[in-house]
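Asker: Pasting a structure here, questions to come.
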């Protein structure tokens, strides 16, 4: 430390300079702010962990949906699922990590901060205490320093004046124009200046000696206060070290038994992938090892088929649906016996091109029967006549409906009222193989679309509207029967 010629303290960054203890005082305030920053750090990491866990959960949900509907199968599917199970486990651990950081670390910082920093109106109590103690310890030394600065300034001013007067006295001796009286005055002034220099020198020296003699006391008092501030800061650093270790314990998943178990299970799941087992399952479920009901000769056995209408039919039970009972099948009675009644030949299908029963009326409908024949009514797809009572009821209802309809069409629909396989046999459990004769573009979502030449399964009998149900690949739907042929 030094004082310049103007009496001002030279620039110095030493702790012992006047007022330089304020950096140490400010460190106490910084400790409180560092607690806030550490809490903020943990809060942000908590949010990151929660978002990461949520993203993993959403990711596993997406891929589980894919696997549930996708083409993968067997033990290989288990490996896919194992990867997603690992993600779920990791997400659970990261959620637990986030909660643990807030419960075990963040809460402790907040509590310690409150216990060690007591806020007053403008400052923290601890900061104000350190500042007052440093100022009290430095004040006596600062006064002595100020006296040294003042006496030094006086001494330097006296020296400057004495030197200037001496120069004037020397110049006056060499100048003949200066009178003896003037020269004598300059010499007296010079003596006074020399005396002033001696007096200020003594004061400056005494003040400096007094300051130096107090340095030891000054150092002792300042060191005592500084030590207390160091102890307070050490307490904060020790606490932070402990907190960082606790944070490490939260973040380190390698010591978590569940974490290691997740990857042990994943490794085991992947190891369980067995190509031979998967291929064998495929062969037995979709391949050459599947069972097959090969075609065999079957005797004709007529059975009464239930009369039902598809949901798309215009005629429902609430609209006056008709149930036919007590129908007896007989080859001799079919169409009135071909040999005995040549005038009533069996009806034949005259259809030369495919007809969509869904949009056009069937040529084999009841409404197309002669209105003047009330004794017998022949239906194309059945081997027995319909009783007269049914014909009467149906014909009357049809005629009334047509007379009331603006366009003359039958609102009950013109579909056949029976649903019986033309071969008179139930489909095998695996269905019949059929070949498409024409292209068919579906008009509704529940219909099956195909092109001419496609081969697929018929899995259900034809309904009363002439629709069959088939399976082509993964698609299942309805199609017109006359668009295909059985193979």
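Easy rule for this one: first residue shown is 1, then count along the chain.
Cβ atoms here come from the backbone N, Cα and C positions, even for glycine.
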Asker: Given 333-370, 447-484, which one carries TrEMBL's region 'Disordered' label?
Answerer: 333-370
Asker: State the residue range annotated as coiled coil by TrEMBL; the candidates are 92-133, 134-175, 176-217.
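Answerer: Among 92-133, 134-175, 176-217, the range TrEMBL annotates as coiled coil is 176-217.
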Asker: For the feature region 'Disordered' as recorded in TrEMBL, pick the matching range from 377-402, 403-428.
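Answerer: Matching range for region 'Disordered': 403-428.
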Asker: For the domain 'SH3' (429-487), how many residues does DSSP put in helix, in strand and in coil?
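Answerer: Counts, helix then strand then coil: 3 helix, 29 strand, 27 coil.
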